[in-house]
Amino acid sequence: MLNKQHIIDRFISYVIIDTESDPKSETTPSTKKQWDLANKLVEELKSIGLQDVTIDDNAYIMATLPSNVDHDVPTIGFISHFDTTPDFTGANVKPQIIESYDGKDIILNAEEDIVLSPDYFDDLLLYVGQTLITTDGTTLLGADDKAGITEIVSAMEYLVQHPEIKHGRIRVGFTPDEEIGRGAHKFDVEKFGASWAYTMDGSQIGELEYENFNAAGAVVKVKGKIVHPGYAKGKMVNSMYIATEFMNSLPRLETPEHTEGYEGFFHLYSIEGEVEETVLEYIIRDHDRQHFEARKEVMVKLTNDINEQYEREVVTIEIKDQYFNMKEKVEPVMHIVDIAEEAMKQVGIKPLIKAIRGGTDGSQLSYMGLPCPNIFAGGHNFHGRYEYVPVESMLKATEVICKIAELTAQKK
Ligand SMILES: [Zn+2]
């Protein structure tokens, strides 16, 4: 049996260390303080008995749990990130432990009247009777993704202590700067040397994800002509009106606020305009690769149509791909999802398989040659003061990791 208090203590020892990343920094890790936890993790991985524990100049940590079987088993990996988001402060985290949660409001901070309430966050009611770890209302918690790290370290420790559980070679990877989109950038897939891996970075217990958006960004520039308004007849071209034509020609209901599930969208997130020039910035998202390409074509065609109408090049568009749906890379090796699903069922969890409406480090890693679905780490309300994690979910995630290791060794 996993020791609950041990897992709570481990998690708290991580979240009290501030590891906020910084998108404006160009170094890796983006903030020096991420080294504080990284160095601690290196020592801990050594002390629980892992081998080849390494940390490189960019603070990427890798370690190995050697195989304990004679036959050939593919090497698998488990990955999480130790930075926290710059969206909300992660300094001076003071976790609070709520034993056997009663389903009522949780006063996070009486002084500042900050309440974590199931009236607003109804998923709290999934965890009545369980032990919750919350913030004190003034910081984030950092369960994203220190819950993932806790689970991976605890599972490796458990497997070291229980050699009767048979498994192949397992690699552990901890990265900096995931929250600023750079977690996979300097990840050495070859050195990691796994056939596939799982990021332990999802939310609610049971989550298992292997589909994410295809993503691109588009910058639309509209050229106008400024002339004195009193003498403008037949001469002035107001770029803002032409930009409005562009905006209104895209389907109004294919936007984030009108879509869910597998529905893609165009999202206009910035307009800057004067008569002389207007710049529109969009992101384009779609799970389906063909629909994704078609969306990009729609924007190009619209650009051409407007230019034709004005008989000169008034609009230019620049589209850049950002990331792709990992489904393309995972589907050919679907057994890696099946193993995770089976592992969840065997430890008594109902798998919740759904498509991510965003990207993960796993999607980048999948395109770098390491197929990498995402598994729940257990926390809720990431990136803010209402973040919390049920300890029972962390225990279950730890069991899932051990079970995946075991099932992988049994296949073939
Ligand atoms: Zn995360």
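Note: Cβ is positioned from N, Cα and C throughout, glycine not excepted.
Any TrEMBL annotation is an automated prediction that lacks curation.
Summary of the site annotation: TrEMBL records Zn(2+) 1 binding at Asp144, Asp201. Screening the candidates His81, His167, His228, His258 against this entry identifies His81 as the one listed for that site. TrEMBL names Asp144, His383 as Zn(2+) 2 ligands; from the candidate set Glu111, Glu112, Glu179, Glu406, the record adds Glu179 to that same site. Between the C-alpha atoms of His81 (Zn(2+) 1 binding site) and Glu178 (active site, proton acceptor), the distance comes to 6 Å. Cβ neighbour count within 10 Å across all protein chains ranks His81 highest among the binding-site residues His81, His383. Broken down by DSSP into helix, strand and coil, the domain 'Peptidase M20 dimerisation' (210-311) contains 39 helix, 31 strand, 32 coil. Take the mean position of the Cβ atoms of His81, Asp144, Asp201, the recorded Zn(2+) 1 site; other residues of that chain with a Cβ within 8 Å of it are Ser80, Asp145, Gly148, Glu178, Glu179, Thr199, Met200, Ala377. Looking only at Cα atoms, Glu179 (Zn(2+) 2 binding site) sits nearest to Asp83 among the recorded positions Asp83, Asp144, Asp201. Over all protein chains present, the Cβ of Asp83 (active site) has 30 other Cβ atoms lying within 10 Å. Its Cβ taken as reference, Glu178 (active site, proton acceptor) is surrounded by 25 other Cβ atoms within 10 Å in the chains shown.
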